[in-house]
Amino acid sequence: MAAANAPISMKEVLTLPSIGISPQFITFTNVTMESEKYICVRETAPQNSVVIVDMSMPMQPLRRPITADSALMNPNSRILALKAQLPGTFQDHLQIFNIEMKAKMKSHQMPEQVVFWKWISPKMLGLVTQTSVYHWSIEGDSEPLKMFERTANLANNQIINYKCDPSEKWLVLIGIAPGAPERPQLVKGNMQLFSVDQQRSQALEAHAASFAQFKVPGNENPSILISFATKSFNAGQITSKLHVIELGAQPGKPSFSKKQADLFFPPDFQDDFPVAMQISHIYSLIYVITKLGLLFVYDLETATAVYRNRISPDPIFLTSEASAVGGFYAINRRGQVLLATVNEATIIPFVSGQLNNLELAVNLAKRGNLPGAENLVVQRFQELFAQTKYKEAAELAAESPQGILRTPDTVAKFQSVPVQAGQTPPLLQYFGTLLTKGKLNAFESLELSRLVVNQNKKNLLENWLAEDKLECSEELGDLVKTVDNDLALKIYIKARATPKVVAAFAERREFDKILIYSKQVGYTPDYLFLLQTILRTDPQGAVNFALMMSQMEGGCPVDYNTITDLFLQRNLIREATAFLLDVLKPNLPEHAFLQTKVLEINLVTFPNVADAILANGMFSHYDRPRIAQLCEKAGLYVRALQHYTELPDIKRVIVNTHAIEPQSLVEFFGTLSREWALECMKDLLLVNLRGNLQIIVQVAKEYCEQLGVDACIKLFEQFKSYEGLYFFLGSYLSSSEDPDIHFKYIEAAAKTGQIKEVERVTRESNFYDAEKTKNFLMEAKLPDARPLINVCDRFGFVPDLTHYLYTNNMLRYIEGYVQKVNPANAPLVVGQLLDDECPEDFIKGLILSVRSLLPVEPLVEECEKRNRLRLLTQFLEHLVSEGSQDVHVHNALGKIIIDSNNNPEHFLTTNPYYDSRVVGKYCEKRDPTLAVVAYRRGQCDEELINVTNKNSLFKLQARYVVERMDGDLWEKVLNPENEYRRQLIDQVVSTALPESKSPEQVSAAVKAFMTADLPHELIELLEKIVLQNSAFSGNFNLQNLLILTAIKADPSRVMDYINRLDNFDGPAVGEVAVEAQLYEEAFAIFKKFNLNVQAVNVLLDNIRSIDRAVEFAFRVEEDAVWSQVAKAQLREGLVSDAIESFIRADDATQFLDVIRASEDADVYHDLVRYLLMVRQKVKEPKVDSELIYAYAKIDRLGEIEEFILMPNVANLQNVGDRLFDEALYEAAKIIFAFISNWAKLAVTLVRLKQFQGAVDAARKANSAKTWKEVCFACVDAEEFRLAQICGLNIIVQVDDLEEVSEYYQNRGCFNELISLMESGLGLERAHMGIFTELGVLYARYRPEKLMEHIKLFSTRLNIPKLIRACDEQQHWKELTYLYIQYDEFDNAATTVMNHSPEAWDHMQFKDIIVKVASVELYYKAVHFYLQEHPDLINDMLNVLALRVDHTRVIDIMRKAGHLRLVKPYMVAVQSNNVAAVNEALNEIYVEEEDYDRLRESIDLHDNFDQIGLAQKIEKHELLEMRRVAAYIYKKAGRWKQSIALSKKDDHYKDAMETASQSGDRELAEELLVYFIEQGKKECFASCLFVCYDLIRADVVLELAWIHNMIDFAFPYLLQFIREYTGKVDELIKDKIEAQKEVKAKEKEEKEVIAQQNMYAQLLPLALPAPPMPGMGGGFAPPPPPSSSMGGMGMPPMPPYGMPPMGSY
């Protein structure tokens, strides 16, 4: 059966590899498809990810890096569910994500593993575990809810599907299990059906199942059906069934009877079984899909078989319903996504023709609204009608497919039936049936409504319209309008009868709804007419309507100016203004005229409204000069100023300050330029200086930055207005830092008598010129001196101020300034008064009046500068008597006492308040000793040192330095750069320190000498203190210091000091001596203080005399000394002597060093003695271990055995390893045997060549490494029996297998290795590596066993590895088999073709080639079969028909010259309409002269070079071939050539048909002429019929008259005349109606134009006049339609015949 005629069409929507999905992930566990919207693929390489394929755009997959065990996309929305097993557990973690929102919606951790899950609805997930089934909703926070437990028949089953019915009341779980032992290939299917309401389960055998809903006749509620398919094996028989049963039958209602049908599997598919079932709810068809790609289609209602075919050569593992098209999607192992849909054009003919099931065809057509059953339905309807079964006929008509019976003829047929008394009329029965089935069409609605309206049952119409049972139309609205306007409006709206809707709204005065409705439906009413209509009755409503029009999309349909004129014509100024203000809000340039217009009409009539409009600033494009003139005339001077642009106009208006608000005038100045503003200000001052001064000052204040402060000042100065200057600068002063402005303000304030302001500004301002201001104020001689005082006090002009006040006899201001203003400046005042020779009494009185407020220091400075210090004696004594402790007071008083020589030493030593530095400085030139006293009192080190150095007072300096005990001071005086250092040291040594009784002073001095690095001077100092009898002779620290200093500076004195002194720190001094390399002195010190260990260390480490150390050790006999000697001997390599010394010292602490040294020196006998001593003192593993090792080195194996049996702490493992490493195998054997280290023992025995013992030890060790070592040793020793024992324990480890194999092969032991591997196959722990390695070995060394091995163990082989081995060894047959098993079909096909003698098998190759991924292999296979197996090439090409490029195949065969060879293939694929195929077949048909097949090919397949073929066969010797050429020319539009060819062969009928179809008048008339010339009168008459549309009547009449053939042309002429008279009647009628419409419209326009108003009288002369009638105010009537009748022609004619003749 051709694919085009099949009832089910298949289409490849997508291939998953084409979008980057690897074939290894196209499996049941990796791919999910929950609905027709999404495919979800889980990838694990190269990285874990999830690929989401949106079927609406499949070539743009979404790939996300997600790690999960399973992923499901929601059926409807972009929600992803993920499942992953928690590591180390059998629990699954579930998560649900919203991909669009990028957020996690829910998550849950299942306590057991989920073996299968599925979306059972858009809001619910079904979860199947090993024991139970759960439902988990994605809404809320709910956890999975347990629904039921799995039945026993599903135990150990692989769950493949889970479904629920739409009501979620019935659930079905499906699983598969291995088949019966006698037929294991046939998988067994099990099903569990569960009722939620009854909480009961039923176990059934089934492979696939699905739910459906079906309406049983007589039951208004749909029934729930389940369909399931099963295939079972019982008693050697295979049974395949499809069942359809009802679930939960409704009591008292008709139920669905149980149906069943057989599933017929072809012989080659006996082990195939159903894997999925989908039910089309559109067509009520059941689709059963099997694993091997078979599709069974059954009718749901009757379980009748409809169709069966194989839809995929590859196994199908996944399906999903395609609900939108009533089909399903299927995915096979190759990654093809196939879409199966019902072929609506062919399924009904197929069922009625091929299946001969007319009833099923009619039911399918009715259910699915399918074409193809029209004749059957019409025939059935007529039968029922003839049998007066009107009810059944009505039901059939209502359910007729595609509404073929729902026509006016059917309604007329029911109307024609006479009504029986007491019975419902058949017409009402028909309409009632239609209403129960659905919605009526337009004609049915109109007829039913006409009946209802006639019976006055309007309520029925309302109910039917509310239920949407009627199809609304304009005719229906017209009918209903006679009884109900509101209902008619609803019908008009639904019917989109826009003119009628607008008219209805206008009648109801709902004009706003007109705009809304017109916008919704895209209708354009006559807005101007509507607006005029509203204006007559409702002006405000007209404004609202006009505003609504202005807001329409696309702009206002009526010009704004026209609308405005309509308002103004009726003197509606306010309404016109309101409209314009609203529509002109955008302030667009094109609205300039309207902006001017709205301002003009309001300035003339309502100036306040115009002022408000201008104040809002909403317009900017109007005629500003015109508006300015009108504003000036209306008295709106501010608006006039804002609009004038010329300075004279502004000057003329601005002087009207009496009528202008000052603030507005000030704001206006802000809009003027600087020059114009100053000009206007001058004019205002000239007109009225006093009256306008305040405004000018305000303007100057407001715009001083724009106008310039200097310009404003000049303006006021020009008019000598200090008052204006004062007020102007007063406002600007706070923000200005210009000294000149501040000065001018002070000057203006002074000249206007504002003394307080002058005083304030001089006090607060920081910016005026102080010198200039001081001079101005002195010259002004103001009666109040405070402004001058402020200036002089702030800017340091106090002497000038004092001089001015004293010379002007203003002494009270002097007293006030000093006492109240600034007492701190009193010293300057006193100094200036002294300079001005003021009497002393006034000055003393002034000083005493201030007292403590007076700063003493500057006062003393001023008096001392003028040598008048005694003037302050009384003042200072007064302060002291009051208890003043001010240092300046006492300093001044001390200076006075020193100058008067009144017992100054008493004052200097007793007064605690003076500053020693100041007074001492004052005394230096007068008496240095007094300066020393002052400096000593204040500890002024630097000053005292300087004065004593300067005056050679070194004794005083030495005493002071010793007493101070200050390190910094000592450092300074002992500095080498101090030229007086020697004199000071002499005085310190000879006088200061001998006099001192303070240890701290001595210590500080010694420390200072040490810090200054003066060792010789220090020794001199210390000998004087320590060796000479003094208070410090026995001082411990000084003795230490003396010896240490001598060590550092004079080592020759050290031994003498050691012998003479006893009270010093021996250990510390000894260490210092060692550091100073005075070893004999150090030895003497340690020996003197009995520090024997330190002493012997000096002998050993420093003097390096072991003999003296040994002698010293014998003398003192101390263990610690012997230990030190032993260590030294050990360092020097005297190991035996060292061991002897350690034994004398009984010292076991250095055993590690002793062991190391003994091993280096190989003195193991002495080491044994030492270690036996050490074991008595410590329990160290190292000691015991070394003792064993020493025994081994001296070959005392007996002692080793005795020792390890005794208690010990030796690390026997390490000892054994060490002995093994040093080849002491016998000793190591003892140790390993004792500690049971079988692994090491085995290796040791191998080294000793004791192989049997080594194997026994390895068996005990059971370690792979040990087994390998023993095995390899046995192989090397050719102990193959023992080697195989070891090898069997090695090869069960995958990682070690290859190493063993290589070891055997490298030594040529091939047979032994194969024997080992064959033995390994039977091991319990045998793994893939063993089977694979044996296969590789067979390939290399035993090829005859290879194929048997591969077939037996194909599932346990590492196929890629074995593939490489077979490829290397050239075993092509086996290699092909492996490629097939590994799904590498490309390589399999390539291998077969490259090595066909060994590898080719036709059936096998056909299975391979359809599964390859590389397209090129298809064509390589074509070449291969063409060369080697041409007899089978068609069979191979038929398999590849859906995959190859047919053009390329034809090209290959054409080049090879064997095109005829593949004719069966070309016939099979010609339905694809490929040009190359069509041309090749046509070429063959021409050669074979098969014109029937050629014409059929041309009719069905048009994709070829038509002209070329026609040219090729137009001269063919066969007539039928030439007819075909003419036919081709006709199809190609080559009319002339076709007609010429037909005339040549006398095929006049063909010529006439060609001329008619061409539409070319000239061709048709030429053909008429030809027939006349040939005398073919009958052909002439026939041509008039056939070419009726093309031939002109005058030509026909002329030709017929000339050639005496009127009789043959007369029928044509009669029809032509009748047709044209009818057309003329229609045109005259249309013209009359158009003229009536034009007259009515002209009358209406005249009425509009006739309405005049007084608008022109309201406007001034300068305004534009309103539009006058006939000059743009109205609308010209449209031109009447043309009365010409061009384009007249014959009506369309049916082919090959005249239209029916009409009667006159």
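The chain as shown is numbered from 1 upward.
Heads up, the Cβ atoms here are built off N, Cα and C, so glycines get one too.
Over in TrEMBL, the protein carries these features:
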DOMAIN    344-367  domain 'Clathrin heavy chain linker core motif'
REPEAT    551-697  repeat 'CHCR'
REPEAT    700-842  repeat 'CHCR'
REPEAT    847-986  repeat 'CHCR'
REPEAT    993-1138  repeat 'CHCR'
REPEAT    1142-1283  repeat 'CHCR'
REPEAT    1288-1434  repeat 'CHCR'
REPEAT    1437-1580  repeat 'CHCR'
COILED    1617-1652  coiled coil
REGION    1670-1692  region 'Disordered'
*Six or more residues out from either end of the domain 'Clathrin heavy chain linker core motif' (344-367), which same-chain residues have a Cβ under 8 Å from its Cβ atoms?*
4-8, 283-284, 299, 301-302, 304, 306-307, 373, 376-377, 380, 399-401
*Per DSSP, what is the residue count of the repeat 'CHCR' (1142-1283) in each of helix, strand and coil?*
108 helix, 0 strand, 34 coil
*Residue counts (helix, strand, coil, in that order) that DSSP gives for the repeat 'CHCR' (847-986)*: 106 helix, 0 strand, 34 coil
*asked:* Please list the DSSP helix, strand and coil residue counts for the repeat 'CHCR' (1288-1434).
replied: 116 helix, 0 strand, 31 coil
*Per DSSP, what is the residue tally for the repeat 'CHCR' (551-697) in helix, strand and coil?*
107 helix, 0 strand, 40 coil
*Give me the mean pLDDT over the repeat 'CHCR' (1437-1580), rounded to a whole number.*
85
